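Down below is the structure, laid out as structure tokens.
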Amino acid sequence: MSDINSNSYDPYHHPQQHQQESQYHPQQQQQQQQQQQQQQEYYNQQHQQESQYQQQSPPQQQYDNHQHHQQDLNQAHNSGHGRSHNSGHGHSHGNNYSGLPHLRTQVGHAQPYFSSYNELNNSGDISNSNNNNNNNNQYNYNNNNNNNNYNNNINNNQFNSSVYNNNNNNNNNNNNEFSIDGKSGITIKHLLNNLNRDSDAKKLAAWISVMLVFTIYEIFYGAYLESLGLVSDGFHALFDCIGMGIALLAMLVGKRGISNQEYTYGYDRWEVLGTFSNGCFLLFVSFFLFLESIERLLEPPHIHNHGRVMSLATISLIINIVGVLFFKQKSNERKQQSSIRSENLLTISHHILVDSCTSLGVILSSLVGQAFGLEISDSLISIIIACIIVYNALPICIKTSAILLQTTPDQLKININNAIKDILVMEGVIDVTDKHFWSHSPGNIIATVNLLTKKNCDDFTLTQSIRNRLSFVQDLTIQLDKEGKHNSHSHGGAHHHPHEHKEDKKSHNHSHGHNHGHSHGHSHGGNDDHEHGENCDEEHEPVPKYQVQPTSPFSSHYTDIHSNNTPIPLYKSEQDDEDDEDDYDHDEHHHDHDHDEHHHGHSHNSSHSHAHNH
């Protein structure tokens with residue numbers, strides 16, 4: 001026992017033969033030699049398996065761990081390890097193997113173990129202790145094996161975010177193929193279907209196509225004739241085609257008419273936005289047209305070959321007049337429906353009208369220049385055209401901008417005020433605390449109304465009455481707040497209570513200043529009685545000099561109490577000791593502070609200053 005447990009004992013080293021070996025029977029020595037050979041073969045086999053194990057995948061390693069574990073148990077059981085030489089040659093085979101403990105490293109392969117002669121042939125206590133150690137080793141091995149299996153399962157079944165994101169992106173790409181913004185579900189196929197079903201959009205697309213072809217021809221032909229008027233009219237028409245293309249896109253997208261997670265109110269605002277941008281584009285064109293006209297007034301250009309210029313401008317004028325008449329008629333038809341389509345078509349007709357005016361200006365300037373040689377006629381007509389554009393486009397920009405800014409519609413302000421007055425006189429209504437009215441698109445009004453009502457108010461009846469009164473609102477949200485309902489709030493502060501007591505019996509004035517600071521975070525309850533009677537002498541226990549004055553701002557002159565109700569003597573200054581020597585009387589003053597059954601979420605730190613004037 002002492003040999004094994006000593007510091008010099010080495011289980012991996014075979015000790016020298018000593019006296020105990022001479023007592024062994026030759027057969028026992030032969031058995032021991034066979035056991036050593038088996039151990040050496042086992043070590044070589046494990047070393048070979050280790051090299052193969054490291055080349056396998058994690059699932060195969062996990063499977064081999066289990067197979068190696070079973071082989072180790074069977075081999076240890078068959079080799080006769082774990083014997084207990086308590087008496088005679090009895091053997092006890094169980095789960096505790098002293099000869100071959102199954103220790104594995106992090107990768108799961110078995111480690112060699114060499115038992116000595118003393119370890120194999122010692123007393124029962126030694127064998128039992130070895131068995132206990134092997135029990136611990138076997139337990140550690142099982143834990144390590146379970147951890148390895150768990151880690152392998154995690155590695156094999158772990159969530160791969162990159163694969164998930166790729167699959168999700170593929171699904172989104174399939175759903176939103178050729179999507180305009182990538183997330184709204186507006187595809188080219190959807191736009192083509194709307195174009196096929198919308199007669200206004202179909203005619204606008206046809207007109208834009210014809211006008212675009214003619215505009216490109218006008219630009220190149222004007223450059224060939226060196227006519228600045230034709231080139232300017234061509235670029236002006238090109239910008240108008242771009243603006244009308246925006247209006248066409250707004251018409252097609254706004255036709256969708258349904259909502260989703262991205263556009264919870266639907267797509268009506270697309271057409272509003274397109275109309276607003278189109279009006280702003282008209283103002284931009286009129287501004288530069290005005291600048292160009294001023295420049296041509298100062299330096300009139302010389303136009304060559306007025307006949308060809310007039311013929312090309314006449315063709316452009318005819319196309320524009322047809323477009324103005326058509327879209328103006330459509331705008332009047334839609335105006336009766338109070339829809340944004342009317343505003344959009346009106347803006348388009350203004351675009352075409354501007355093109356018609358510019359074409360007419362080119363024709364008139366060519367006639368005047370050819371007949372009278374007056375070159376400034378083109379510039380004068382261009383200024384008139386710019387003023388007409390501003391007159392028509394500015395109200396459209398103001399109206400659509402008001403919708404985008406969610407202002408209250410002007411035509412509904414009177415109805416809204418009358419409705420609010422009627423709601424205030426309804427049964428159970430105390431006040432209208434908040435109200436919002438705005439237009440999502442022309443003819444689509446949205447509103448939210450918050451009311452303060454009485455406690456016994458019938459919410460359902462009141463809500464139905466309000467909805468009937470605000471029937472002109474398409475999307476109405478009503479919130480009712482009961483009377484006496486307060487929102488939770490937190491408060492804090494410092495209170496200063498000055499008290500001054502004057503006594504007639506004695507010329508003795510007392511002024512008490514109470515300063516209470518509140519710091520939240522503690523709850524306290526107690527019963528504090530302070531009584532001041534006649535000839536009340538206050539005596540304070542002297543404080544040892546080694547105590548230091550407290551520097552905390554929360555210190556006070558009251559006695560603090562531990563959790564076990566033990567009073568703690570507080571610190572006092574020298575001035576307090578001098579004040580304690582004075583005897584003062586308090587007549588007819590009784591202060592009673594009762595804090596029973598009140599739990600406050602704060603602690604009171606009070607400082608009382610006493611000034612005595614004798």
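Cβ coordinates come from backbone N, Cα and C, glycine included.
As written in Swiss-Prot, here are the features:
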COMPBIAS  80-92  compositional bias 'Basic residues'
COMPBIAS  487-499  compositional bias 'Basic residues'
COMPBIAS  507-523  compositional bias 'Basic residues'
COMPBIAS  575-585  compositional bias 'Acidic residues'
COMPBIAS  600-614  compositional bias 'Basic residues'
REGION    1-103  region 'Disordered'
REGION    115-178  region 'Disordered'
REGION    483-614  region 'Disordered'
TOPO_DOM  225-233  topological domain 'Extracellular'
TOPO_DOM  292-306  topological domain 'Extracellular'
TOPO_DOM  373-377  topological domain 'Extracellular'
TRANSMEM  204-224  transmembrane segment
TRANSMEM  234-254  transmembrane segment
TRANSMEM  271-291  transmembrane segment
TRANSMEM  307-327  transmembrane segment
TRANSMEM  352-372  transmembrane segment
TRANSMEM  378-398  transmembrane segment
Check: By Cβ distance under 8 Å, which residues at least 6 away from the ends of the transmembrane segment (352-372) in the same chain are close to it?
Finding: 211, 229-230, 232-233, 236-237, 240, 282, 285-286, 289, 303, 306, 309-310, 313-314, 316-317, 320-321, 323-324, 327, 378-379, 381-382, 384-385, 388-389, 392
Item checked: the transmembrane segment (378-398) versus listed stretches 234-254, 271-291, 307-327: most Cβ pairs under 8 Å -> 271-291
Next item on the list: Mind tallying the topological domain 'Extracellular' (373-377) by DSSP state, helix then strand then coil?
Entry: 1 helix, 0 strand, 4 coil
Next item on the list: Would you kindly list the residues that approach the transmembrane segment (234-254) from elsewhere in its chain, counting only those six or more residues past its ends and only Cβ-Cβ distances under 8 Å?
Entry: 180, 186, 191, 194-195, 198, 200-201, 204-205, 207-208, 211-212, 214-216, 218-219, 222, 267-275, 277-278, 281-282, 285, 289, 316, 340-341, 344, 347-348, 351-352, 354-355, 358
Item checked: Remote residues contacting the transmembrane segment (271-291) - C-beta distance under 8 A, at least 6 residues beyond either end -> 236, 239-240, 242-244, 246-247, 249-251, 253-254, 340-341, 343-344, 347-348, 350-351, 354, 358, 382-383, 385-387, 389-390, 392-394, 396-397, 400-401, 403-404, 441-442
Checklist line | Per-region confidence, the topological domain 'Extracellular' (225-233) (mean pLDDT, whole number) | finding: 73
